[in-house]
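Engineer: One structure coming up, written as structure tokens, with questions to follow.
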Amino acid sequence: MRRQSSLARSCSSVAPASPPPQNGGVNSKHLVPPMEVSAEAGNAGAAEWLDDDGRPRRKGTFWTASAHIITAVIGSGVLSLAWAIAQLGWVAGPTAMLLFAFVTYYTATLLAECYRTGDPDTGKRNYTYMDAVRSNLGGAKVAFCGVIQYANLVGVAIGYTIASSISMKAIRRAGCFHTHGHGDPCKSSSTPYMILFGAAQVVFSQIPDFDQIWWLSIVAAVMSFTYSSIGLSLGIVQTVSNGGFKGSLTSIGFGAGVNSTQKVWHTLQAFGDIAFAYSFSNILIEIQDTIKAPPPSESKVMQKATRLSVATTTVFYMLCGCMGYAAFGDDAPDNLLTGFGFYEPFWLLDVANVAIVVHLVGAYQVFCQPIFAFVERRAAAAWPDSAFVSRELRAGPFALSPFRLAWRSAFVCVTTVVAMLLPFFGDVAGLLGAVSFWPLTVYFPVEMYIKQRRVPRGSARWISLQTLSVTCLLVSIAAAAGSIADVVDALKVYRPFSG
């Protein structure tokens, strides 16, 4: 669903001016100012553990960057792809997935070029997505980027809280169905599970930045492959049991419990679900800032990691989405493993759902680190001498400070409460994907690339890039409309905290 990270490094108020203290030490010193690794600055001896900007040396590699991306991309969105393909059919469904994969990869390569301004090896680093926009575009676009990016990240945190509770509830229901039969409704509330997930996030949110959560990303990536593989295997078994593929070339028809209006909204929402499944551009720059200094350049490493990650996830998405549709056809649930298309073997479903929850614990942290870092950077700038903000106690990967504990815990609590109010996973996933896809995945990467590479206005390349941007804008608007319509319908019959 991500070396000391730019986001955390650029947002941390208390990075050391000498090698970090051992676990349990208290650190209240400030960073060496950028580009002051010199004898004159009195820190030449520190050059071995500082990068060219005077910040702690980044240690990320192609593999750690790939793990962060896979953790972000192969998320719970994969489980809604069978439903999305059902809305589009055998022709349009896989085609849409391939197109979104290509657009995501292509624009990610453009965005990776914007990590440094100027020379790709020695130019000024942009530590966050907003920094890249500020450096290349400036003006009101910086504020627009910030609002969209951080609103999307908050939305992802809410969506992942919903998804995790659904999986935890599904574990209980699977055991209930196995014991009492499928006729028993086995109803239960998702609220306690959201609280449990939130409590876990309060603990893990005390890990200060991407540099310390690399191991969590690797565990989460392994879990994502685990539950995706189980969903794929069950889909294959069900398809064989059916004696062939279900579904149609042109999607769900009218009359199958769907009227013409719902058909239109569901089709549009399917595009949002696919966009959400591929979304990771909102944290790409922050991940890239974890990669060690050239050679090779960070952009080349990031492009290579993006290529592997998008190719890997596309293969999984095509297999899981297509086999889920083949198994259930028009009846494909909006969540393959929790919508109870499958009931047995119940223990295997439990394993898959446990893997989902573990993955979402890590993915939540990967997506929330930019928000944490942004607020903490502002706090450090506003109160540089405050012990409440700057002093911290380190214990393993955790860095405890009064401000971090208070602010991050409050953030987790708020997202958890909002998730309790809106437990509609499929609708929320589609809306998040639709709203963020165009500005973060397409518009800003295209505009920054045009500005940085000085692409002549009116040239064939400029026209091609702008055509891509406008086309994706129309897709985002349509997908958002479909998702909003479904959320409104769901709210008409839902009572808060009753999910």
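Any Cβ shown, glycine's included, is placed from N, Cα and C.
The feature region 'Disordered' is assigned by TrEMBL to 1-30. Annotated domain 'Amino acid transporter transmembrane' per TrEMBL: 58-486, in sequence order. As annotated by TrEMBL, transmembrane segment applies to 62-85, 91-115, 213-237, 308-327, 347-368, 405-425, 431-450, 462-485.
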Engineer: So, does the transmembrane segment (62-85) come close enough to the transmembrane segment (91-115) to give 3+ Cβ pairs below 8 Å, pairs being at least 6 apart in sequence?
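Structural biologist: These two segments touch.
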Engineer: When you scan the chain for residues with a C-beta under 8 Å from the transmembrane segment (213-237), skipping those not six or more beyond its ends, what do you find?
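Structural biologist: Distant Cβ neighbours of the transmembrane segment (213-237) are 1-3, 60, 64, 67-68, 70-71, 74-75, 78-79, 82, 204, 207, 290, 316, 319-320, 323-324, 326-327, 336-337, 342, 348-349, 351-353, 355-356, 358-363, 365-366, 369, 397.
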Engineer: Determine whether the transmembrane segment (347-368) and the transmembrane segment (62-85) share at least three Cβ pairs under 8 Å, counting only pairs 6 or more apart in sequence.
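Structural biologist: Contact between the transmembrane segment (62-85) and the transmembrane segment (347-368): present, because at least 3 Cβ pairs are under 8 Å.
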